[in-house]
Ligand SMILES: Nc1ncnc2c1ncn2[C@@H]1O[C@H](COP(=O)(O)OP(=O)(O)O)[C@@H](O)[C@H]1O
Ligand SMILES: C[C@H](O)[C@H](O)[C@@H](O)C(=O)COP(=O)(O)O
Ligand SMILES: [Mg+2]
């Protein structure tokens with residue numbers, strides 16, 4: 001009997017409900033619902049519209065009902081680090097504040113007053129991003145301590161949506177690791193660290209692994225939606241799900257290319273050596289206790305903001321073509337400069353950076369886009385070099401997954417600047433990884449090896465060779 005699983009993948013720019021099922025050993029997808037996600041200002045804070053996003057999840061399930069589809073399971077994945085705090089009545093104490101909110105400016109340095117950077121890294125193995133959950137919670141402790149005193153539940157965004165579906169409160173492992181509050185070796189909440197920072201450890205829930213069957217929909221939701229199904233934990237950190245879909249694992253570096261570019265490799269143990277710290281690599285948790293040794297690169301957020309700055313008159317595909325036509329423009333920016341995390345106007349910020357560094361300023365949308373894509377490729381090239389230095393080996397291939405793998409110009413740029421074969425796809429890698437985790441939990445797929453073989457057979461992967469076809473051996 002065929003099993004049908006619904007992946008809810010909510011990234012920073014869009015969300016989608018995708019139905020997945022096996023047909024003659026091939027994974028089939030059917031996009032049920034897609035919706036925009038964006039950060040909005042609520043008072044002085046930059047927030048996610050959590051209520052709207054949950055309503056969109058329900059809209060997608062209503063759509064299933066109208067299509068006569070009754071899925072066997074649902075799994076939710078979203079971006080990392082962000083959370084909701086519930087009080088003793090299970091009511092949210094704050095908005096779902098975004099990691100792009102400036103409330104964590106300067107907080108990292110305050111935390112280092114309690115625990116030195118090197119020890120924090122050795123214990124958690126997590127990269128230092130100023131918006132990590134540890135710094136968000138410490139910021140709340142400093143500015144609104146009464147909120148932490150009232151908090152009885154810490155739920156990351158997917159955990160919160162799972163709670164709204166089932167009334168059950170758990171923290172899923174892969175996303176929990178992104179908080180920088182989970183010990184990389186015990187794989188549990190680091191209670192000594194929480195005590196050291198004066199953050200109430202009682203509000204954290206039991207950490208559950210991907211493939212856990214959390215339960216069924218609440219009675220209230222069954223009444224509203226019109227059917228029941230199992231709620232399964234995929235790798236609820238979207239990048240954790242995306243990496244499951246990398247069909248080529250051996251000798252392959254992946255780039256999960258969406259709002260962020262997450263570049264790294266899959267590993268079986270955490271690498272917390274000083275060189276990994278110096279290069280700011282992370283060891284986020286993966287399926288079956290694997291590790292995602294990777295680093296954040298600012299990503300296509302930059303072109304999303306450029307598109308918005310030009311009033312969305314150009315599509316992403318048109319911006320790529322305009323960038324191709326601006327071939328003579330060569331200025332580069334450091335995409336990971338904090339100034340690009342949430343600028344008032346990305347185009348102006350890029351122009352100002354070029355001026356500050358005595359480079360030609362981009363004057364057209366094409367030149368701006370070319371600068372973004374060239375600069376991202378340059379950042380990927382540096383990260384590849386750092387990975388190969390740490391692993392003391394050359395990687396043969398780069399696998400670009402996610403929406404960004406549709407950017408053929410960037411795919412070719414990556415091949416040219418790294419001298420490596422670039423494989424692009426699958427586009428919906430995150431949803432695919434989410435679905436195969438559910439199908440593993442439903443005993444439709446044996447294990448991750450089986451899943452990757454199915455994925456490789458099921459989706460087109462486009463190959464790009466370096467322009468001069470000189471492959472780094
Ligand atoms: N047709 C296209 N051509 C080039 N780039 C594209 C195209 N479609 C989408 N993209 C890129 O994919 C990005 C979205 O990737 P996605 O994985 O959906 O993001 P997220 O999950 O972070 O919301 C867009 O920001 C855009 O840069
Ligand atoms: C803030 C985190 O680093 C970020 O969520 C990243 O881990 C991630 O998963 C981004 O996913 P997108 O699909 O939003 O690019
Ligand atoms: Mg995504």
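Note that Cβ sites are derived from N, Cα and C of the backbone, with glycine treated the same way.
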Given that TrEMBL assigns 237, 238, 239, 296 to the substrate site, pick the one from 80, 441, 451, 453 that the record assigns to that site as well.
80
Per TrEMBL, member of 113, 125, 403 binding ATP alongside 12, 13, 14, 15, 16, 259, 304:
403
Measure the Cβ-based neighbour count of residue 12 (ATP binding site), defined as the other Cβ atoms within 10 Å of its Cβ.
23
Considering only the recorded positions 16, 80, 238, 354, 403, which possess a Cβ situated under 6 angstroms from at least one atom of ligand 3?
238
Given the recorded positions 12, 14, 304, 354, 403, state which is nearest to residue 237 (substrate binding site) when distance is taken between Cα atoms.
12
Proximal residue to residue 304 (ATP binding site) among recorded positions 238, 296, 354, 371 (C-alpha distance):
371
Cα separation, residue 80 (substrate binding site) to residue 16 (ATP binding site) (Å, whole number):
17
